[in-house]
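Here's what Swiss-Prot has on this protein:
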type	residues	note
TRANSMEM	4-24	transmembrane segment
TRANSMEM	35-55	transmembrane segment
TRANSMEM	87-107	transmembrane segment
TRANSMEM	113-130	transmembrane segment
TRANSMEM	167-187	transmembrane segment
TRANSMEM	211-231	transmembrane segment
TRANSMEM	242-262	transmembrane segment
TRANSMEM	305-325	transmembrane segment
TRANSMEM	330-350	transmembrane segment
TRANSMEM	386-406	transmembrane segment
TRANSMEM	416-436	transmembrane segment
TRANSMEM	462-482	transmembrane segment
Amino acid sequence: MNDFPWLTIIVIFPISAGSLMLFLPHRGNKVNKWYTICICILELLLTTYAFCYNFKMDDPLIQLSEGYKWINFFDFYWRMGVDGLSIGTILLTGFITTLATLAAFPVTRDSRLFHFLMLAMYSGQIGSFSSRDLLLFFIMWELELIPVYLLLAMWGGKKRLYSATKFILYTAGSSIFLLIGVLGLSLYGSNEPTLNLELLANQSYPVTLEILFYIGFLIAFAVKLPIIPLHTWLPDTHGEAHYSTCMLLAGILLKMGAYGLVRINMELLPHAHSMFSPWLLVVGTIQIIYAASTSPGQRNLKKRIAYSSVSHMGFIIIGISSITDPGLNGAILQIISHGFIGAALFFLAGTSYDRIRLVYLDEMGGMAISIPKIFTMFTILSMASLALPGMSGFVAELIVFFGIITSQKYFLISKILIIFVMAIGMILTPIYLLSMSRQMFYGYKLINVKNFSFFDSGPRELFLSISILLPIIGIGIYPDFVLSLASDKVESILSNYFYG
């Protein structure tokens, strides 16, 4: 047990500081913005300090663990802890949220509430990644849904209410399955009901019961990840949300589904996961092809990027279902990699919209001459998204490939077929990304418009773009920086399986 409650402070600090902002006298939008950014920077520094001085990378067990009796009934504890699986996602959450608050500078309407919701979402996400109690995990999972709904409904586009309603129906509906799974695991695991994840990891269940629990959790995480056909909320949500909200959705929210799939389905229910993994592998492969072929048909810029996210999530599903060391490591690396790339693309799409007030690609064109800095950054990050060598996406997808090739679970012919289909998906990716860049930046449409002029990327936007680009290149050149965090934990999870 840790002496100092680092994780409790890290989880509670953003929402507490955000609540304070609501009750203090209104001092203007600029004060609210800088206050929120200072909170995020302080939180990120605190998290980094706590992990640098207290986290041992060669230890696969839970570290910085805390446990406080919360509710006597049902043996409910406030349990926190991190391991190699959660440390990367927590640091990613801090980094992307800090940059998203900086990206939200143009928001002026109800800025106090807007920034409070971003901080509340921050707490919910870090709480989900650091919870070591199943019911606490569920509470944190639900906590971040409310801010996302309000951010969508109040600061979105013309169809924001439709998108927000669709989002909450999908996510709240899937949460019912999550709650049933949580209660089922805790009540039927042993004679003594427990919500402690460490104890539940050592439990065994009747096969039928384990399959039912697995399906319940899978539905909940499939909506968040998302896995087809439960993905339809994502393009609508991204298409209408403010781009700072899109950064949080693409960078962190989707990763919660992948994290839950590894943390609960794979770690707690290994027998059921072994049975379902071939089906997940097929779904992941179809998802790559489906999203990559659907994306070029999207007129809306942000919807096209959203479908690219769905395609990239397919690699995470394949990595998880390979049940191999390289496959799972590649999936974790893809979680971090796409967190940066997805957030960056939505930010640049938003900055372009701020200038031309157009969202449909067939109305754009000829912007490269007027905004060369945004054009350059968008081109580089599009290359990162299509897995250019030297970028983080390339390494992640390559390791997932190795994971499938080395898997002992599948026949050679099925592995060759899966790899062939994945390769087709990787060929389709440059088609929709490069055509998107061509429609936006080349041609003469906007140049020929009378009195056409707008300013290029300012210092704030350039700083944001470069801040996200640096880790993408850094991970691409030296992926072991991320892989070393989770490698021992991955081996620990795979020790429950008979192959890999």
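Even glycines carry a Cβ here, placed using N, Cα and C.
The shown structure was predicted, so the numbers you read here are calculated from the model rather than taken from an experiment.
Using a Cβ-Cβ cut-off under 8 Å and counting only residues 6 or more beyond its ends in the same chain, the transmembrane segment (87-107) has close neighbours at 10, 33, 36-37, 40-41, 43-44, 47-48, 51, 55, 114-115, 118, 121-122, 125-126, 129-130, 155, 242-245, 247-248, 251-252, 255, 259, 332, 335-336, 339-340, 343, 347, 350, 354, 460, 463-464, 467-468, 471, 482, 485-486.
Within the same chain, residues 85-86, 89, 92-93, 96-97, 99-101, 103-104, 107, 118, 121, 125, 128-129, 141, 144, 148, 151-152, 155-156, 217-218, 220-227, 234, 302, 305-306, 309, 313, 316, 320, 328, 331-332, 335, 338-340, 342-343, 345-347, 349-351, 353, 493 sit at least 6 positions outside the transmembrane segment (242-262) and bring their C-beta atoms closer than 8 Å to a C-beta of that stretch.
Same-chain residues lying 6 or more positions outside the transmembrane segment (386-406) and placing a CB less than 8 Å from one of its CB atoms are 281, 312, 315, 318-319, 322, 324-331, 333-334, 336-338, 340-341, 415, 418-419, 422, 426, 429-430, 433-434, 471-477, 479.
Segment contact is absent for the transmembrane segment (416-436) and the transmembrane segment (35-55), given fewer than three CB pairs below 8 angstroms at sequence separation of 6 or more. Using a Cβ-Cβ cut-off under 8 Å and counting only residues 6 or more beyond its ends in the same chain, the transmembrane segment (167-187) has close neighbours at 134-135, 137-138, 141-142, 145, 148-149, 152, 193-195, 200, 203, 209, 212-213, 215-217, 219-220, 222-224, 230, 232-233, 236-237, 264, 268. Remote same-chain residues near the transmembrane segment (462-482) are listed as 88, 95, 99, 102-103, 332-333, 336-337, 340-341, 343-344, 347-348, 373, 377, 380-381, 384, 389-396, 399 (criterion: CB distance under 8 Å, separation of at least six residues from the stretch ends).
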